[in-house]
Amino acid sequence: MLRAQRPRLARLRACLSRGLHHKPVMALRREDVNAWERRAPLAPKHIKGITKLGYKVLIQPSNRRAIHDKEYVRAGGILQEDITEACLILGVKRPPEEKLMSKKTYAFFSHTIKAQEANMNLLDEVLKQEIRLIDYEKMVDHRGSRIVAFGQWAGVAGMINILHGMGLRLLALGHHTPFMHLGMAHNYRNSSQAVQAVRDAGYEISLGLMPKSIGPLTFVFTGTGNVSKGAQEVFNELPCEYVEPHELREVSKTGDLRKVYGTVLSRHHHLVRKTDGVYDPVEYEKYPERYTSRFNTDIAPYTTCLINGIYWEQNTPRLLTRQDAQSLLVPVKSSVVPVEGCPELPHKLVAICDISADTGGSIDFMTECTTIERPFCMYDADQQIIHDSVEGSGILMCSIDNLPAQLPIEATEYFGDMLYPYVEEMLLSDASQPLESQNFSPVVRDAVITSNGLLTDKYKYIQKLRESRERIQFLSMSTKKKVLVLGSGYVSGPVLEYLSRDNNIEITLGSDMTNQMQQLSKKYNINPVSLTVGKQEAKLQSLVESQDLVISLLPYVLHPVVAKACIESRVNMVTASYITPAMKELEKSVDDAGITVIGELGLDPGLDHMLAMETIDTAKELGATVESYVSYCGGLPAPEHSDNPLRYKFSWSPVGVLMNIMQPASYLLNGKVVNVTGGVSFLNSVTPMDYFPGLNLEGYPNRDSIKYAEIYGISSAHTLLRGTLRYKGYSKALNGFVKLGLINREAYPALRPEANPLTWKQLLCDLVGISRSSPCEKLKEVVFTKLGGDNTQLEAAEWLGLLGDEQVPQAESIVDAFSKHLVSKLSYGPEEKDMIVMRDSFGIRHPSGHLENKTIDLVVYGDFNGFSAMAKTVGLPTAMAAKMLLDGEIEAKGLMGPFTKEIYGPILERIKAEGIVFNTQSTIKL
């Protein structure tokens, strides 16, 4: 291998016109970009061969290089710092730009052939210095296969690393395994030592010392190149058996625990045409976009460790997407009763070693390479986040991009053996002469990226790629994502603030409240547009059609109007409000339009759903059953600001709050359906709360709770109730207003602008059926009787001035007028704070028969001179869902609530960073 082929040497020596004393000089530069880069392109034995041919070889001193400088000197190299004498300079990785020397021939891995942005400054400097650059990556044979590469050693090191990582991960899951005795590849002096450690681990496996509860371990190798072969060399030292991909399912369940199983995956094993499920290799090469991968369904569910050695090209199917990872991390129910000290794996797929280190490639969620210093991370698919700990939920990931540097001596010798036959002709390169005058072999000539200050013909495409990328970057910077926010009420502030953190989002705010829009425009970079939804449909439609997303913060009755405009323009939409029957009627139209409309993203509904689904899904994963679910939530004034007859204040329009008590409600209690009629009788359903006793709370059922048995997937629950929390006394006061007819949404002509103004005394006289001219005492007496002799309710009416001469606001209905009046009397002052109180209670029956009583509490206070608690807890989850849609994190289409992990998982995780933190407690009854 060290002797160059005689015909090639004869040809090269014939080209050497200079005398022996003018022979070219070669230099081995030291690696100085990465602390772990201890390799060299040639080993001492190669230097010895070159010096025997009469060439001078300079060795730049390096204490980092794994092979000692003395070894190179013994081989005939000359140790010196100054390498300007050399015409050929060899390295492994790129040199710093400031150390490049003009009109020299350099050979190294430049990582420029795809116009990689990180190395374009290097390429510019190479061109400026008129350097002839030979890139090892492009030294290929007539079939296009690489001749010079470290691939095999990347596979060897990667496999050793992931076995070590699996030992750590399995220990975190409660299992000691023989893999715990393996270290990282660089901890071994050479691969022989590492292999011996693997053999020792394999011996323990063959003795049956693997934990039974984790089942047989399966390893899947993608690709058939040097990377995969190197990884398999290490794997073969274990007691292993190779099976076909279609056999994985069976061996993953019933395989022998005294061995591990492997399969080598080729394209035909998982790629199929979308139309008929057939694989045609010729067609795939031409039209990869016609194909999809079945890896996620046919192979990944039965894989313990994936060793990926393939690169991803645009338009080709990925091996695994983010959504695939979510489904793969769902635990499979076991028929075996779990033992506390011997748990089963939470999911089959434990680890991925992505030796390709291709970020955003065939493994979609591998977005950043790990390093030798920090080799592992965990991808939590539910939360769609990456964290460094080997504990917690997720898949262990290892994606080091310089793996061969962990076994530097053997990697150097291996690489040098392949490079050595071409070194002498590279030595004859004169960078000052035209490339055409050089007598290079095709292998070397076709690897020359630059020469004489220009890109060579074969690589002129790099400049076009750069220009194309720069255009795309410019367009992406100039083409912002457009969001239309409808409504400028209390909730809009947190929504606008959260979205404004991303400079790539352009926000338009549509509202008919000019003053509020102006105030918000001063705080946030938004485009204010005057718009009255419901009366300006054409203007709404023209606004919507230019957007990427619409957020409706309007009253719920207007959401269908907005949704229709979104359907027409095929624009996604989110809202915090309930998915009403009117919205539900649009479900088919939403599906036909292929858009996403997400509702119930606020607090209640919203965060209550998300917490419920997270708890319920977790219980199901454990094989448990949810027997009861009770959730109460309320927006309240802070206790120090609750001194009024309602014990309540309004942070937005009171209409919805008032009308809520007029609605019927139904819930399930101990297996029986309880129906509550709205209006006067709702007071009978009010219950005092025994938690947070210092707050003196009461609660009442909210609308139809029973339907959530199906939505939440807990049809077996005997108790299911969703309710509203208030301070004690609120319900009684509101009940009085119902008796007086003040909570009535029917049209009331006497309150319209064209009618004569009315005082509250006059309106109340009309409502109780006496003359408007009746004296105050008479009205008070009749009202007292109407209220059933309840002094508390009478005092509430008097406190609000309903028996006085204050003018009634103009409105379409009595409840609208009453709402405006309440806003004037019971709005929050500039220094007053609100609070949110929510409690979710679950009864969870575990497979052991134990009953777990679990509570989740949320208490949030408004900020002094900042956002209210209600605005934060409604606006932030809505804004987060909107951002997730814009960023492509939510791919599902249709009308939906936040009932899937894809939606609730990231929101519940991210909202913690905003200071909204939940407190969870559990007690177990034996």
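Note: Cβ is positioned from N, Cα and C throughout, glycine not excepted.
Predicted, not measured: the structure shown is a model, and the values here were computed from it.
Here is what Swiss-Prot says about this protein:
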- SER488, ASP512, GLN516, LEU554, ALA576, SER577, LEU603, ASP604, PRO605: NAD(+) binding site (BINDING)
- SER577, TYR578, ASP604, ARG703, THR724, LEU725, ARG726: L-saccharopine binding site (BINDING)
- LYS48: N6-acetyllysine (MOD_RES)
- LYS52: N6-acetyllysine (MOD_RES)
- LYS56: N6-acetyllysine (MOD_RES)
- LYS93: N6-acetyllysine (MOD_RES)
- LYS93: N6-succinyllysine (MOD_RES)
- LYS138: N6-succinyllysine (MOD_RES)
- LYS274: N6-succinyllysine (MOD_RES)
- LYS286: N6-acetyllysine (MOD_RES)
- LYS286: N6-succinyllysine (MOD_RES)
- LYS333: N6-succinyllysine (MOD_RES)
- LYS458: N6-succinyllysine (MOD_RES)
- LYS523: N6-acetyllysine (MOD_RES)
- LYS523: N6-succinyllysine (MOD_RES)
- LYS535: N6-acetyllysine (MOD_RES)
- LYS535: N6-succinyllysine (MOD_RES)
- LYS584: N6-acetyllysine (MOD_RES)
- LYS584: N6-succinyllysine (MOD_RES)
- LYS707: N6-acetyllysine (MOD_RES)
- LYS732: N6-succinyllysine (MOD_RES)
- LYS739: N6-acetyllysine (MOD_RES)
- LYS761: N6-succinyllysine (MOD_RES)
- LYS778: N6-acetyllysine (MOD_RES)
- LYS780: N6-acetyllysine (MOD_RES)
- 28-455: region 'Lysine-ketoglutarate reductase' (REGION)
- 477-926: region 'Saccharopine dehydrogenase' (REGION)
- 1-27: transit peptide (TRANSIT)
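This view paints the features noted in Swiss-Prot onto the structure.
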{"residue": "LYS52", "record": "N6-acetyllysine", "DSSP class": "helix"}
{"residue": "LYS274", "record": "N6-succinyllysine", "DSSP class": "coil"}
{"residue": "LYS458", "record": "N6-succinyllysine", "DSSP class": "helix"}
{"residue": "GLN516", "record": "NAD(+) binding site", "DSSP class": "helix"}
{"residue": "LYS523", "record": "N6-acetyllysine", "DSSP class": "helix"}
{"residue": "ALA576", "record": "NAD(+) binding site", "DSSP class": "coil"}
{"residue": "LYS584", "record": "N6-acetyllysine", "DSSP class": "helix"}
{"residue": "ASP604", "record": "L-saccharopine binding site", "DSSP class": "coil"}
{"residue": "LYS778", "record": "N6-acetyllysine", "DSSP class": "helix"}
Cβ-based isolation winner (fewest other Cβ atoms within 10 Å) among the binding-site residues ALA576, LEU603, LEU725:
LEU725
In this structure, which of the modified residues LYS138, LYS780 has the fewest other Cβ atoms within 10 Å of its Cβ?
LYS780
State the Cα to Cα distance, in Å, between ASP604 (L-saccharopine binding site) and LYS286 (N6-acetyllysine), rounded to an integer.
52
Measure from the Cβ of LYS56 (N6-acetyllysine) and count the other Cβ atoms within 10 Å, all protein chains considered.
17
About how far apart, in whole Å, are the alpha carbons (Cα) of LYS274 (N6-succinyllysine) and LYS535 (N6-acetyllysine)?
47
In whole Å, note down how far the CA of LYS93 (N6-acetyllysine) lies from the CA of SER488 (NAD(+) binding site).
56
Taking the Cβ of LYS778 (N6-acetyllysine) as reference, which residues of that chain separated by at least 6 in sequence fall under 8 Å from it?
ILE770
What's the CA-CA gap between LYS48 (N6-acetyllysine) and LYS56 (N6-acetyllysine) in angstrom, rounded?
10
So of all those recorded positions, GLN516, LYS535, ALA576, LYS584, PRO605, which one's Cα sits nearest to LEU725 (L-saccharopine binding site)?
PRO605
Where's the emptiest Cβ shell within 10 Å among the recorded positions LYS286, LYS584, ARG703, LYS739?
LYS286
How many Å separate the Cα atoms of SER577 (L-saccharopine binding site) and LYS458 (N6-succinyllysine)?
59
Largest CA-to-CA spread of NAD(+) binders SER488, ASP512, GLN516, LEU554, ALA576, SER577, LEU603, ASP604, PRO605, angstrom:
26
Roughly how wide, in whole Å, is the group SER577, TYR578, ASP604, ARG703, THR724, LEU725, ARG726 that binds L-saccharopine, by largest Cα to Cα distance?
20
Measuring CA to CA, name the entry from the recorded positions LYS56, LYS458, LYS523, THR724, LYS739 that ends up nearest LEU603 (NAD(+) binding site).
THR724
Could you check what DSSP calls LEU725 (L-saccharopine binding site) once collapsed to helix, strand or coil?
strand
Where does LYS761 (N6-succinyllysine) sit in the DSSP three-state scheme?
helix
Using a Cβ cut-off under 8 Å and a sequence separation of 6 or more, which residues in the same chain sit near GLN516 (NAD(+) binding site)?
SER488, GLY489, SER492
